C-alpha cells in the first residue's frame, strides 16, 4: 500500500497541481490567441509579475503586523489579480494596440510580446534579484494528511495545493458561466469565431480586447501566485513555464477555453508521469511473484533533467497528427 | 545612388566607432570584440535571410548555434584514445544501430497507409512504434553513457581539421532545422516560433546533461584554431589572422546572399513573404520554399556559432543563453534592417559593440547609484546589485525590440525594393 500512497502523492496529486497551474495559464493564452490572434510570449512573465506583486503586498502587510486565517499572500489575491489585469491592459495599450492599429502582421505582435517579456524579466530581476523567495511570512504551511488503511505513509496535501484546487475550480466554473451566459462572454466567443462578422453586429472590439486582457492577466496572476506559494517565487521561470502552457493551449485547441483546461491537465500529467519512477509500483508486483523479474532502481520514462521535452514532444505530435487540438480549435 | 551614399556614411560612422575602440581599449581586446561581432554578423545573416527575406520567425537561434558549436567540437577536438580503446565504440555503435532500426520502423509505420490501412490505425501504429523505439534506445543508451563516463570521461573528438568542423556545424544545424521546418512550416508562423523556442531549450538541456558526449558542465577546452594560435605567432597576430579569416568568410557569404537576393529565387521568396496566396496561386510551392530558406538560414547560424565557439576556444553548454544568442541577434537584424544584408552586418557590428560596452557602463552607473544612495539617503544596496544591474540590459533589449517595431519597423538600412522588374 505504501507504494500506492507514494504514487498518489507523487503522481496523481503532483500532476493535478502542475496541471492546474498550466490550465490557468493556458486559458489566458488561448483567449488571447483566439481573440487577438497572436501567441502571447509574455504570459510566463506575467505570472511571475503577479506573484511578485503578491510578494510585495504580502511583505508590506506582514511588516505592518497584519495576520489572518489564511496566509497573507492568499488573502491579497483579488487585489493582485486586479493589479495584474490593469498592468496587462496598460501593456496592451502601450505596445500591442499601436501595432494592431497600424495593421502589422500577427507575427510582429509575437515579436513585440517577446520584447515585453524581456522587459518584464529585466524589471523583475532588477527589483527582486536573481534569488528565489518564499511567499510565506512567519506563517506555518499547513499540511493535511489523510491516513490510508494498511499503509504507514499518508496522502499529504499542503495548504497552498488545496487552495490551488479550490481556486482553479472556482475560476473554471466562473469562466464557464461568464462565457456561456453573459453578454460580454458571448461577444468574446463571437469575436474569436469571426471578428469582422462580430463587428458588423455591433460588438465593440475594444471592450472585448479589454475583457480578454482582464481575464488573461487575472488568471496569470492567480496561477503565478499559487505556484509561488506552493514552491517558491522564482524570477527566472519564464520560458520553462511558457512552453508547457503553449503546449497545453495547442493540445486543447486554440481559442477553446475548455480545451485549454483539458490541455493543461494533459500536459501536467504527461510531464509528471513521464518523470515518475515506475519501479516503485513494480516492486510490490515483483514481491508477489517471488521476484520473478528484477526491478531496476530507476524506471522513469524521461530523466528529470529532460522534463521540458515532454510538453515539446506532445506539441510536436499534436501538430503532426491533429493540429486542431483535442477540442477542435482553429488552425491559424 | 543616394541610398548607397547613405549606407557609406553609416558604415563610415561605424568605422570611426571601431577606430575609437581600438584607440581607447587596446588592440587585443578590440580584436576580440571585432571577431565576435563578425561571427554574430554571420548568424545575423541567417536570421535576416529567414525573417527578412521569407518572414519566418525563429526564436531558437541559440539552439542552432549550440548544435553547430557542438558538431564542430566533435569533429575537431583531438581523439580521445581511452574511449576508442574501451568497449565504448562498440556499445555506442549498438545504440546507433538501434536508433537506425527504430527510425526505420517509425518511418515504415507512418507510411503504412500506402498499403491500405485506415488513418487512425496508422497514427496508432506510428505512436506505438515511436514509444517502443524510444524505450529500447533509452534503455541501451543509459548503461552506455555511464560506461563511457566511467572509462573514458567522454567521447572526445575526431581530430579533423577545423574547416571540416565548421562544415559539420552547418550540416547539423541544417538537419535539425529541416526536421523542425518539416513539421511546422506548413502551419501558421506562431507555431514555428513556439517550436523553435522549445527545440533551443531542449538542445541546450541535452548538451548540458549528456556528459558522455560533451562533458556537460565541466566544459571542453581548448578547441583548435584554424589559424596559427597565440603560442606560435603571438597574441595580436593570431587574433588578427582569425579576424581576416572570419572577414573573408563573411564577404563570401555576403556576395552569395546578394546574388541569391537578386536572383529569381530571392524574388520568389519575397513574393511568398509579401503575398503568400498570390505566390501559391502562381504555382509556387510555398511550404517547400520556406523549408529551403529556413534550413539555409540555420546552416549559417550553425557555422556562425562554430566560428564563435572556436574563437573563444571553450565549449560551455551553460554559456548559451537566450539573451545573448537569440534576442541580441533579433535586435541586430530588426535594428539594422531586415531583408537587407548590409543592414544585417551594420546591425550586428553596432549592436555587438554597444552590447559589450554596456556591461562595464551599466556597472559604473549602478556603482554611482549605490554611492549616491548611500551618501544621501542612507540606502543599503543589496549585495547582488551587480547581477541586478546586468538585468537592466535585458530590459533595454526588450525595450529596443518593442520601440524599433513601433517606430522604425524597417530598420536603419531598410530593404530596397527596385521598381523595375
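Residue numbering: from 1, along the chain as shown.
Heads up, the Cβ atoms here are built off N, Cα and C, so glycines get one too.
These features come from TrEMBL:
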- A:12-36: transmembrane segment (TRANSMEM)
- A:48-66: transmembrane segment (TRANSMEM)
- A:72-95: transmembrane segment (TRANSMEM)
- A:107-128: transmembrane segment (TRANSMEM)
- A:162-179: transmembrane segment (TRANSMEM)
- A:211-231: transmembrane segment (TRANSMEM)
- A:237-254: transmembrane segment (TRANSMEM)
- A:266-286: transmembrane segment (TRANSMEM)
- A:306-324: transmembrane segment (TRANSMEM)
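When Cβ-Cβ distances below 8 Å are used as the criterion, the transmembrane segment (A:48-66) is approached by residues 72-73, 76-77, 79-81, 83-84, 87, 120, 124, 127-128, 133, 135, 137-138, 217, 220-225, 227-228, 233-235, 237-238 of the same chain, each at least six residues removed from its ends. Beyond its flanks by at least six residues, the transmembrane segment (A:12-36) meets 43-44, 46-47, 96, 100, 109, 155, 157, 161, 164-165, 168, 171-172, 175, 188, 191-192, 195, 208-209, 212-213, 215-217, 219-220, 222-223, 226-227, 230, 241, 244-246, 248-249, 252-257, 259-261, 263-269, 271-273, 329-330, 332 of its own chain at Cβ-Cβ distances under 8 Å. Just going by CB pairs under 8 A, the stretch in A:162-179, A:211-231, A:237-254 that sits most against the transmembrane segment (A:266-286) is A:237-254. Only residues 6 or more beyond the boundaries of the transmembrane segment (A:211-231), in the same chain, are considered here, and those with a CB under 8 A from a CB of the stretch are 17, 20-21, 24-25, 27-29, 31-32, 35-36, 40, 43, 46-51, 53-55, 71, 73-74, 77, 80-89, 92, 135-136, 158, 160-161, 163-164, 167, 171, 175, 178, 184, 188, 237, 241.
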